[in-house]
């Protein structure tokens, strides 16, 4: 691809899974094709699950390039969630089949990249490429949580997707900490250091 054409390519990057207590943090990078617009792109958190699931395959089909990457639970615990998120973003951009001229990152921090990058606060709502990346990252991570739910239904991961809801914390006290939990996160660390002396009875 000619350098002049590459310089016009904008890549959007976003993540999913910084706040949950378990599972990897997932990042996606998307270069949209101006000739193949996608209606309905928006911040993934503002869309219904049904809308995200409808848009994700369209993004994969119509984008000039896209990639999804992750940082593992072990990397999150070793590096901290911020640095692990930056690592996942680096991996996603590096995995693109097309090199962009500029990368737009949702938020206020940019990972170190081989191409110019700019942080855009609220970019998942204002920049279509970031919106597309947020949808891919969210749908991939949610699918991972649903797969874990099939193996470990007692945690309720299909419902809360790993976020620290009251029901999730109660399930952790009842069933203990599985190996896919982030031990560096406060609620998990607290339970490991101070296991409950008793557990609540499950409601009928």
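Placed from the backbone N, Cα and C atoms, the Cβ positions cover glycine too.
Swiss-Prot names 14, 15 as divalent metal cation ligands; from the candidate set 106, 142, 159, 179, the record adds 106 to that same site. Other residues of the same chain near the divalent metal cation site, with their Cβ within 8 Å of the Cβ centroid of 14, 15, 106, are 13, 16, 27, 28, 89, 105, 107, 123, 124, 130, 133, 134, 137.
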